[in-house]
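Enquirer: Just dropping this structure here.
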C-alpha cells in the first residue's frame, strides 16, 4: 500500500509576520521647532516649598503661551528619599 499526500494551500492561512518597530537613531531626529525656553527648574527648586512652585508657575505664565489652561487646586505630599 502506498501513501499519497496532497497539500491544499488554499486551506492553510499564512501567519502574518509580527511588525517590527523601526529603530530610531540620532540621525533621524531633527532640531526642535518653535522652542521657547521660559524657565529653568532645578531639583532643589521644588524641595524649597509650595511658594517656590507658585513663583515658578507665575514666571512661566508671564512669558506667554500658557493662557489656555484652567486653574486647579493641587495638593502634593513631599517624600524625602535620602539614601542613608
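The backbone N, Cα and C atoms fix where each Cβ goes, and this holds for glycine too.
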Enquirer: Hey, which of 7, 11 does Swiss-Prot call S-palmitoyl cysteine?
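Expert: Cross-referencing 7, 11 with Swiss-Prot, S-palmitoyl cysteine lands on 11.
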Enquirer: For the domain 'CRIB' (29-42), report the average pLDDT of the model, please.
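Expert: The predicted confidence over the domain 'CRIB' (29-42), as a mean pLDDT, is 78.
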Enquirer: So if I measure Cβ to Cβ from residue 43 (phosphoserine) and keep only same-chain residues at least 6 apart in sequence, which ones fall under 8 Å?
Expert: none
Enquirer: Is residue 43 (phosphoserine) helix, strand or coil when read with DSSP?
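Expert: Once the DSSP labels are grouped into three classes, residue 43 (phosphoserine) ends up as helix.
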